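**Student:** Per Swiss-Prot, the feature signal peptide maps to 1-25; the stated evidence is sequence analysis. According to Swiss-Prot, the N-linked glycosylation site annotation covers N34. Sequence annotations record features per position, and here Swiss-Prot assigns active site, nucleophile to S166 based on similarity to another entry. The feature disulfide bond is assigned by Swiss-Prot to C245-C258, C282-C293, C296-C304, with similarity to another entry given as support.
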Amino acid sequence: MPPDFWERCFWLWGLLLWLSVGSTGDAPPTPQTNCTDFQNANLLRGTNLKVQFLLFTPLDPSCGQLVEESSDIQNSGFNATLGTKLVIHGFRALGTKPSWIDRFIDALLRAADANVIAVDWVYGSTAAYFSAVENVIKLGLEISRFLRKLLALGVSESSIHIIGISLGAHVGGMVGHFYNGQLGQITGLDPAGPEYTRASLEERLDPGDALFVEAIHTDTDNLGIRIPVGHVDYFINGGQDQPGCPTSIYAGYSYLICDHMRAVHLYISALENSCPLVAFPCTNYKDFLAGQCLDCFNPFLLSCPRIGLVEQGGVKIEPLPKEVKVYLLTTSMAPYCVHHSLVEFHLQEPRNKDTCITVTFLSSSVTSSVKITIPRHQRVGKGVLAHPSPQCQINQVKLKLQASHRVWKKDQTTIIGRFCTAPLPVNDNKKMVCLPEPVNLQASETVSHDLKITCI
């Protein structure tokens, strides 16, 4: 965690305290008859746990039915033959309803024929973060008691899917721990880092908490946890500094929260859109960008994990491996998904210095670039290039040899080599497409070539 993390938190906490005076944040929609909305807690009196379980069903997706007792559940639209998804929010600094929750619930109900239960613990998650942390075990016990009522109605443990956001991810882990890891699935959306990075397995989310546990990491250098906590752990853009998020503290609250909340918006986008958010296992982000991890054979036997409501994230092996780090790149806005391509340049002759080449793909309206380096005394340099359009819709590739920094004269270096590319995953060489002729590159000059790849 950066040394200035708490300093930034306290600075922004003062801003939040000032904003909270006379403010309730996002105005909640006018509730329908017999519908219940999230509570709004007072910022200075929000530490007492006061939980609501709000049921949303395909028959009435915009109406939250308050279900507390078994009779409430039986008299509601709850269908015990369907799967059940519990959504647990995290720390609420201002004591308001999460601004994203309505869209999240709607996306879940559109994507799956299921019961959706939102766990409202705005009371108990407000004011000091550390007070909210102290409520995690108590909340986990309350949710466990509630699930017992569902199980009594014939719901199976394996049909329960908990989706926890930030601190809510560890609440979900606590519930799963109470059920000895027999719940169907837990999805952690940027599980909280403060107070949990060094916590024991019993205190935080871990692979033993459900039959399948996945986590999406987007803010590992601030509010999110930096260690793997699931069977599959997605590190989006390396797990930090998400494209499109502010990089200056002067952006205020958005600077603190944007990376952290990107996990939520990514998951919503995966539910709402058909373009896949596919990831690739790798030891670390640097190796992934360098084109060292091109398929999903190890450890997934070619079944690449995918974000969304896909059984076991698309992983089709048993037993499931644990704490596997997988990586993917995204765009700066919804639907976020990109296509990943391996790009390679093969020198005819090795050089006694590093060779840097910028590779740019051009489609009808978008350009995407990456720099690859060929180490000295070697012939091949490669990297991963992310682009919104499928590779078969790329019209041109541009190549530019980066000039050496010479003050006294122009760099007139010329190299000759072969350019090749293939869409990920690269399971064999059959996908590799190379330009038909060797390419001559002169320092600082851009060379363009048509790229003709057939859509399959």
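Heads up, the Cβ atoms here are built off N, Cα and C, so glycines get one too.
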**Student:** Counting across all protein chains shown, how many other Cβ atoms sit within 10 Å of the Cβ of C258 (disulfide bond)?
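**Tutor:** Excluding its own Cβ, the number within 10 Å is 18.
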**Student:** Under 8 Å between C-beta atoms and at least six apart in sequence, can you list the same-chain neighbours of C304 (disulfide bond), or say none if there are none?
**Tutor:** V278, A279, F280, D295, C296, G314, P425
**Student:** Among the recorded positions N34, S166, whose Cβ has the fewest other Cβ atoms within 10 Å?
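**Tutor:** Among the recorded positions N34, S166, the lowest count of other Cβ atoms within 10 Å belongs to N34.
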**Student:** Pop the Cα-Cα gap between C258 (disulfide bond) and the residue listed as 'active site, nucleophile' into the table, whole Å please.
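**Tutor:** Cα-Cα distance, the residue listed as 'active site, nucleophile' to C258 (disulfide bond): 13 Å.
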**Student:** Please report the Cα separation of C258 (disulfide bond) and the residue listed as 'N-linked glycosylation site' in Å, rounded to an integer.
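**Tutor:** Pair distance, Cα basis, whole Å: 35 Å.
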**Student:** Using the residue listed as 'N-linked glycosylation site' as the reference point, find which of the disulfide-bonded residues C245, C282, C293 has the shortest Cα-to-Cα distance to it.
**Tutor:** C245
**Student:** Identify which of the disulfide-bonded residues C282, C296 has its Cβ surrounded by the largest number of other Cβ atoms within 10 Å, counting every protein chain shown.
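**Tutor:** Of the disulfide-bonded residues C282, C296, the most buried by Cβ count within 10 Å is C296.
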**Student:** Work out how many Å separate C245 (disulfide bond) and C282 (disulfide bond) at their Cα atoms, rounded off.
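**Tutor:** Cα-Cα distance, C245 (disulfide bond) to C282 (disulfide bond): 25 Å.
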**Student:** May I ask which residues of the same chain, at least 6 positions away in sequence, place their Cβ under 8 angstroms from the Cβ of C293 (disulfide bond)?
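**Tutor:** Expected: F280, P281, C282, T283, D287, Y327.
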**Student:** So, in DSSP terms, is C258 (disulfide bond) helix, strand, or coil?
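**Tutor:** SS state of C258 (disulfide bond) = helix.
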